[in-house]
């Protein structure tokens, strides 16, 4: 049993941590006040949260970038900066999150309300109150905030259509799908043009969205396997609302009402629960001769088979090819979906347990390369993070960074690569001389 795959690519960036502060306590009657600069606040995380009310990834086609706020800077009197609020992004139930570059699965979000941090906010930089020691009781050193994680993500959603288009072959289902969605189904004036389900995403003018499947043409005997038979019916089994498309022009020489009865009979024969799905009758091809007269006769026959207090299906006259009557149809469909509970979505054959295993080599602390101008270029996530968090306006901070590089083995590695006293070493746009 195949399912449809909805995809989207997004970029997420967590908030940067706030910078730590260099400050000193200066109060009357307080001798040797000492350092008083507080830490910066933590940057906000980007968190995906499952919302069972969402059905598609359509919203991510209009908003692809998500950025959390940075933490506040540290303050005097040793006060911490305020941490930033996390950014919550709603995703549909069943969304798989992958790293867009590696293809690695990061998360499977399957439970309503489930949360997963896709980008961690940076920690706040430390203020100078944190660097005081007996040997250096008044340090003029602080850290910049740590950058937040930034990554490109690929989202996948295995979905089944909310709405299924049913009807005899060539009643205009594929045409209707093509004009209400961006789908491009094969369209032709012959039976069984559609041999596999086509899926499209609808967004109404009021902002509602849902998935619509143009399902293979159904003929009498399908419940016994005639034509495309049970393959078709297993798809329609999983939809919540049925749009029953009828050719009101009777261009094939059939009575529209007889078509209506025949399709419903096949649905009933295959599975009684199919008729529990609410139906909307789509009276198509109303721009054709005789269509209006046929519609009136159809309504009379329909009324004769329903009691005064029975819930009759709604009828919407449209012309798919002329784009007439579509807005009212889509709004009514969205409203009906909102009132309809889920039916069976998965059976045992569709449920597959997946486990993800992998071995990741520990990333090197730094890399050394040679630029065209003969400068030595240092790179690497760990090294670059230390650099970004170093306040290069403070001599003490620069000296601390130099000690960190030495402790990581950068000096020794440069010597082994042939670096000489006075050579230029570059990290990003920052340059300094190598001292042997």
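Here the Cβ of each residue, glycine as well, is placed from N, Cα and C on the backbone.
Annotated features in Swiss-Prot:
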DOMAIN    2-160  domain 'Obg'
DOMAIN    161-338  domain 'OBG-type G'
BINDING   167-174, 192-196, 214-217, 284-287, 319-321  GTP binding site
BINDING   174, 194  Mg(2+) binding site
DOMAIN    358-436  domain 'OCT'
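The CA atom of residue 319 (GTP binding site) is located 13 Å away from the CA atom of residue 174 (Mg(2+) binding site).
When the neighbouring Cβ atoms lying within 10 Å are counted for each of the binding-site residues (173, 285), the highest count belongs to 173. For the domain 'OCT' (358-436), the DSSP-based tally of helix, strand and coil residues reads 30 helix, 17 strand, 32 coil. Taking CA atoms as the reference points, residue 167 (GTP binding site) and residue 174 (Mg(2+) binding site) are 11 Å apart.
Residue pair residue 174 (Mg(2+) binding site) / residue 285 (GTP binding site) shows a Cα separation of 13 Å.
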